[in-house]
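One structure below.
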């Protein structure tokens, strides 16, 4: 006779199943399980008196015969493609299966074979996401990496050489010498990394030199002179070498207006940083570029979401980052021209419409490297409160039960979409078979704020951990700490370094003595907004030059600043 469990008891034992709902952190965002790949009555769970024991859930299969290295049991996966309950099998640092784990000798329908060589991670009651990708990094200090990792970020792309004045303002690692040193520094850092060369030049030689030196992309920044000639030159090099171009446009409109920049881009693929403009760009209307089909528009997190503090904090940040002098009226006017409540408010809504595709940090250069995921879901919460359910969620025939479509839209902004934009989606950016096992486990009450466990290349690299002298792992003080994969020779095989294909073909990794796997970026020049998952809307965006009001397809985009946010002071003292 079948044994029946109360739904609440089942969720507490094996995690939620199809139709169960949960709140994320202290937000108004509700997740509902869409499908359960496990089998009722055949669930696997580790522990005393539990299932994963010899001859029961654990088979006799060796690793050579197909047993996985690690199984994550009964995990609730939140990804751009769905929200499902499943077991996850890891092998050789990659995801090899998502489905049902167990012992095929006694159970049918097993996708993931558990053997004597298999480690178990309890996913029951946890949400699993792909490690986030921060694609707007100023590499000002190496301590950023630990802070980002502690927040659930496992890949960082950007530029810099340390706290140089140029790096403080621009995401560029200029020249072959600096690129080489940063690639060598990456060897000791527990993070997937890639570096952008400086793209500001009107002739190609110096740009080609940087791509051959290992740059995985090129960055155009107004502080180096983002002129139409530089834009055209940079894109021509990128097209030849298949690397992405990121752009911070001309706030002062000295070399041209937004129309001139669009003309210089000429329909070629480009990743526009802080597309709203507070982080920099043609004032006051750079935001309109998000309606171009070849543009991959992103935000940086200081404007995410629009709150009563947003405008006030921006002026001082901007003066410091861009080496401006408050005693010079022109410098103050430059700063003030970038900060507009109307465009920041519209940015919230454009994210909710899927017209902005990516969110990143702008680390220590007007952005906070440890808050990418937090601010992404704070924006989703604010839009749920102010705009209600998305039409796709409201269309559920059972009524508005969940925010699944909104959640899939926002998780894509920090995972798969930056991966696609930068040609690394074959390896990272989603919870899919074949991808690197860069996974983050969250307790639902701490989702987006503090990961419970970060897995990097199939090994635990960061975790919440208690007193090391305690008799069990849980006594306080409990806080995030680096784990074994972050140390010694385990670090190199757990992480990737992204380079241009041209650099790899010249045997650059061996010339520099690199031990980490060096992976080429691919397919960056034939993509567009259409490839941005759940975020490919193309409204016609217009800005009133007098009032700065923003319109999308003729509709005014405006919202109030948030007075209070979730995922904030209930969790964090500072």
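Using N, Cα and C of the backbone, Cβ positions are placed for all residues, glycine too.
The feature domain 'Urease' is assigned by Swiss-Prot to 131-574.
Feature annotation from Swiss-Prot assigns Ni(2+) 1 binding site to 136, 138, 219, 362; the stated evidence is sequence analysis. There are 29 other CB atoms within 10 A of the CB of residue 362 (Ni(2+) 1 binding site), with all protein chains counted.
If you look up Swiss-Prot, you'll see 219, 248, 274 marked as Ni(2+) 2 binding site. The local packing around residue 248 (Ni(2+) 2 binding site), expressed as other Cβ atoms within 10 Å of its Cβ over all shown chains, amounts to 25.
Here Swiss-Prot flags 219 as N6-carboxylysine, drawing on sequence analysis. Less than 8 angstroms from the CB of residue 219 (Ni(2+) 1 binding site) sit 159, 170, 171, 172, 196, 197, 198, 199, 245, 246, 247, 248, each of them six or more residues away in the same chain.
Annotation comment: Swiss-Prot describes 221 as substrate binding site, evidence class sequence analysis. Cβ neighbours within 10 Å of residue 221 (substrate binding site), excluding its own Cβ and spanning all shown chains: 24.
The feature active site, proton donor is assigned by Swiss-Prot to 322, with sequence analysis given as support. Note: residue 322 (active site, proton donor) has non-local neighbours 169, 223, 280, 334, 335, i.e. same-chain residues 6+ apart with C-beta under 8 A of its own C-beta. Under the three-state DSSP scheme, residue 322 (active site, proton donor) falls in the coil class.
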Rounded distance in angstrom between the Cα atoms of residue 138 (Ni(2+) 1 binding site) and residue 274 (Ni(2+) 2 binding site): 14
Least buried by Cβ count (within 10 Å) of the binding-site residues 136, 138: 138
Distance, residue 136 (Ni(2+) 1 binding site) to residue 221 (substrate binding site) (CA atoms, angstrom): 12
Sorted by sequence, non-136, 138, 219, 362 residues with Cβ within 8 Å of centre, Ni(2+) 1: 137, 158, 159, 170, 171, 246, 248, 273, 300, 360, 361, 363, 365, 367
Per DSSP, three-state class assigned to residue 362 (Ni(2+) 1 binding site): coil
